[in-house]
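> Below are the features listed in TrEMBL for this protein:
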ACT_SITE  H99  active site
ACT_SITE  D102  active site
BINDING   E230, E266, D294, D337  Mg(2+) 1 binding site
BINDING   E266, H269, D305, D307  Mg(2+) 2 binding site
Amino acid sequence: MTHFFDRIPKIRYEGPDCTSDYAYRHYDPDAVVLGKRLEDQLRFAVAWWHSFAWPGGDPFGGATFERPWFGDTMAHAKLKADAAFEMFDLLGVPFFCFHDADVRPEGASFAESVRNLEEIVDYIGQKMAGQRTRLLWGTANLFSHRRFMAGAATNPDPNVFAYAAATVKSCMDATHRLGGENYVLWGGREGYETLLNTDLTREAEQAGRFLQMVVDYKHKIGFKGTILVEPKPQEPSKHQYDYDVASVYGFLKRFGLEGEVKVNIEQGHAILAGHSFEHEIALAASLGLFGSIDMNRNDYQSGWDTDQFPDSVPEMARAYYEILRADGFTTGGTNFDAKLRRQSLDPEDLILAHVGAMDVCARAFKAAAALYEDGALEAARAARYAGWNDPANRTMLQGATLEEISDRVLRDGIDPKPRSGRQERLENLWNRFV
Ligand code: XUL
Ligand code: CO
């Protein structure tokens, strides 16, 4: 016991009229929505790094948080794990996610870092055996240490490529041992600061080879989870190669990995790339790449990655509507890759941030599910394309040539009549549900 969360009661669903801070108003894990328990639809996960490892610094100031587990020893790492599992239990959250660097102290050598990771993975495994929290995904931190400043897989130095490969192997082993449902690669430094010193061709080939090895190793060890790439356009690099879903798709096609790897889409990253979150989800689904989401938004004025907890039901509903159209999550889930504001010092802040975020997502999901079940939006979409059901029209996509189509236009006197896209009507429909 850490006593860190001592004054906080276990959070339960108490309904929309409840006035306590320490209750879910919308997230009832056992409520059945579209044939599944809400817990199994949303698959919430806590991010170890922001909740337990981040000290509250920003570019202008250092740590603001004081936590009894801050320190570089295995004893600190275990205390941190104790606190994490106490919080998972209080929230009743089904999953967590971690990087190696969040859970273990860095060793004096690579071998010592791996030993530390194995020791803490044993410890986390024992904790998992005692409660119901599972691992949504594991990942390697290939961006914080100075050795990765010029990239990991895309580093000009082959020794860094080797170190990164060995690190990913150790993190895949850890994820596999803990029964993780996915393994994530976010290429924070896989990009460049200036084209003046960068060989784009070489760096892409290194990244492609690296990901092929990850996929090979997944099959070798019998890891049944999904390999996920997390797109982001920039920050910390000036330009990151996994810019957005479309760039990741091109990269996967180029290296023959499109059937092996999916994407973990983060709301804030989508906006940084000049897209909406729902655009990235819809595109991933249409390309057969949709995997999981990181549900944290940015401040719309600041223009950088502020990793805030979600607070907007209408925005989240758009995202969950697209997830429902993609048949929901399989191995993926809703990970709160979100951090407190640096003035939010108290244990309560950490709990209430997650309670609010889970309620926002649950409310959004239920609204999206009601609209999806109603079917009016999907019927309108289908009606818009209904002309393609006519066999004569279908042949145009199935082998008819330009000359044949031209003959048909002349023969039948085809003369298209523009029709309304009915956008406002559909927006009104949307707002009846959300
Ligand atoms: C950084 C980010 C990471 C990844 C995991 O912007 O989103 O936390 O989710 O490395
Ligand atoms: Co993320």
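Quick reminder: no glycine exception, Cβ is built from N, Cα and C everywhere.
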> Can you tell me which of D102, H269, D294, D305, D307, our recorded positions, come within under 6 Å of ligand 2 at the Cβ?
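Checking each Cβ against ligand 2, the ones under 6 Å are D294.
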> For the recorded Mg(2+) 1 site formed by E230, E266, D294, D337, name the remaining residues of the chain with Cβ within 8 Å of the site's Cβ center, in chain order.
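Other same-chain residues near the Mg(2+) 1 site: W186, K232, N264, I265, Q267, G268, H269, I293, M295, N296, N335.
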> Which of the binding-site residues E230, E266, D294 has its Cα closest in space to the Cα of D305 (Mg(2+) 2 binding site)?
E266
> What is the one among the binding-site residues E266, D294, D307, D337 whose Cβ has the most other Cβ atoms less than or equal to 10 Å away?
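That would be E266, with the most Cβ atoms nearby.
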> Quick test of your reading of the structure: among the binding-site residues E230, E266, D294, D307, whose CB sits under 6 A from ligand 1?
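Correct list: E230, E266, D294.
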> I'd like to know which of the recorded positions H99, D102, H269, D307 sit within 10 A of D337 (Mg(2+) 1 binding site) at the Cα level.
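Candidates kept after distance check: D307.
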> Rank aside, I only need the closest one: which of the recorded positions H99, D102, D307 has its C-alpha nearest to that of E266 (Mg(2+) 1 binding site)?
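Comparing Cα positions, the closest of these recorded positions turns out to be D307.
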> With every protein chain in view, what's the tally of Cβ atoms within 10 Å of the Cβ of H99 (active site), excluding that atom itself?
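Within a 10 Å radius of the Cβ of H99 (active site) lie 22 other Cβ atoms.
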> What subset of the recorded positions H99, D102, H269 lies within 10 angstroms of D294 (Mg(2+) 1 binding site), using C-alpha positions?
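Near D294 (Mg(2+) 1 binding site) by Cα: H269.
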> Looking only at C-alpha atoms, tell me how far D307 (Mg(2+) 2 binding site) is from E230 (Mg(2+) 1 binding site), rounded to the nearest Å.
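The Cα atom of D307 (Mg(2+) 2 binding site) is 15 Å away from the Cα atom of E230 (Mg(2+) 1 binding site).
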> Under a three-state reading of DSSP, tell me whether D337 (Mg(2+) 1 binding site) is helix, strand or coil.
coil
> Give me the Cα-Cα distance between H99 (active site) and E230 (Mg(2+) 1 binding site), rounded to a whole Å.
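Cα of H99 (active site) to Cα of E230 (Mg(2+) 1 binding site) measures 14 Å after rounding.
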> Within 10 Å of each Cβ, count the other Cβ atoms, then let me know which of the binding-site residues E230, D305 comes out lowest.
D305
> Roughly how many angstrom lie between the C-alpha atoms of D102 (active site) and H269 (Mg(2+) 2 binding site)?
21
> Around the C-beta of D102 (active site), how many further C-beta atoms are within 10 angstroms, looking at every protein chain?
22
